[in-house]
Amino acid sequence: MGFYSLKQLLLLYIIIMALFSDLKLAKSSSPEYTNLIYKGCARQRLSDPSGLYSQALSAMYGLLVTQSTKTRFYKTTTGTTSQTSVTGLFQCRGDLSNNDCYNCVSRLPVLSGKLCGKTIAARVQLSGCYLLYEISGFAQISGMELLFKTCGKNNVAGTGFEQRRDTAFGVMQNGVVQGHGFYATTYESVYVLGQCEGDIGDSDCSGCIKNALQRAQVECGSSISGQIYLHKCFVGYSFYPNGVPKRSSPYPSSGSSGSSSSSSSSGTTGKTVAIIVGGTAGVGFLVICLLFVKNLMKKKYDDY
């Protein structure tokens, strides 16, 4: 086999290795905390003939993304006049690092535009952060207003689960107040997490969390997991019969703890693809080495 074929194989090997790198990058570029939980879009479209609202909205997005490198909560109002101002905020989950917070929040402006378009108010909630904005004069809602709920499909009634979950709820409610707005813990294989919006006091936070937990008990019953999102706080729980998995955040995504099997399936698929691509790359490298040796031997015999 000539030098030209060897060159082709070398190029193929480089392409395979590049693909392998892209697969690893793609896997690491979509962390758990960027999963979309829900969106809330005002029905009324934004009338903006002067473009002032758009300017204020763009400035607000820029401020929120910039501040997400320094803090997990930030609220601001932008605009040239009070009539054309926009108030917005973001909040990251309390267990995220500054870097993770930024990675989460930086996705929200684009997502908000894609999911809601230009409306007078919008809210986009990911697993690890959310963004909210509204124009001046937008009607306010109660902090206890239910925005979104989800309960796991599997039930675990009759196993003592509800008693354990309710005990975990009590621990979490006290912990959120003591933690000034965020708390996560595990109690007898029940993982619970609660967080309040960063601009409310401990007393209001406690009331909001209590309301959310009561809703979780009623709405989700004996479901293996659940999430309740109110306007000013949210709670989530998940029961893991075999123990809470050791990972950066076992906070349940918007299905149930059964969703962990989905994550596991995704991870298995990724590993399988990586093994196939890696194996192919290894074989390709071996073939190239053998051909290189063959060419050297051929050249040696040609010289005699």
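Each position is counted from 1, following the chain as shown.
Just so you know, glycine gets a Cβ as well, placed from its N, Cα and C.
The feature disulfide bond is assigned by Swiss-Prot to Cys41-Cys116 (among others), with sequence analysis given as support. Classification of Cys116 (disulfide bond) by DSSP places it within a helix. Just so you know, the Cβ of Cys116 (disulfide bond) picks up 19 other Cβ atoms within 10 Å once every protein chain is counted.
The disulfide bond feature in Swiss-Prot is assigned to Cys92-Cys101 (among others). Within 10 Å of the C-beta atom of Cys101 (disulfide bond) sit 25 other C-beta atoms, taking all shown protein chains into account. Reduced to three states, the DSSP call for Cys101 (disulfide bond) is helix.
Marked as disulfide bond by Swiss-Prot on the basis of sequence analysis: Cys104-Cys129 (among others). According to DSSP, Cys129 (disulfide bond) sits within a strand segment.
Other C-beta atoms found within 10 angstroms of the C-beta of Cys151 (disulfide bond) number 19, with every protein chain shown included. Residues or ranges marked as disulfide bond in Swiss-Prot: Cys151-Cys220 (among others).
DSSP assigns Cys196 (disulfide bond) to a strand. Per Swiss-Prot, disulfide bond is recorded for Cys196-Cys205 (among others).
The Cβ of Cys233 (disulfide bond) has 26 neighbouring Cβ atoms from other residues within 10 Å, across all protein chains displayed. Taken from Swiss-Prot, the feature disulfide bond applies to Cys208-Cys233 (among others).
In the predicted structure, the domain 'Gnk2-homologous 1' (34-138) carries a mean pLDDT of 95. Under the heading domain 'Gnk2-homologous 1', Swiss-Prot lists 34-138.
What Swiss-Prot records for 143-242 is domain 'Gnk2-homologous 2', and it gives sequence analysis as the kind of evidence.
The annotation region 'Necessary and sufficient for plasmodesmal targeting' is assigned in Swiss-Prot to 273-293.
Swiss-Prot lists 1-26 with the feature signal peptide.
Taken from Swiss-Prot, the feature topological domain 'Extracellular' applies to 27-272, supported by similarity to another entry.
Sequence annotations record features per position, and here Swiss-Prot assigns topological domain 'Cytoplasmic' to 294-304.
Marked as transmembrane segment by Swiss-Prot: 273-293.
Around the Cβ of Cys92 (disulfide bond), the number of neighbouring Cβ atoms within 10 Å comes to 27. Distance between Cα atoms for Cys104 (disulfide bond) and Cys92 (disulfide bond): 8 Å, as a whole number. The number of other Cβ atoms within 10 Å of the Cβ belonging to Cys104 (disulfide bond), over all protein chains shown, comes to 24. You'll find the Cα of Cys196 (disulfide bond) roughly 12 Å from the Cα of Cys129 (disulfide bond). Of all the disulfide-bonded residues listed (Cys41, Cys129, Cys196, Cys205), Cys196 sits in the most crowded Cβ setting, with the most other Cβ atoms within 10 Å. The separation of Cys205 (disulfide bond) from Cys233 (disulfide bond), Cα to Cα, is 7 Å.
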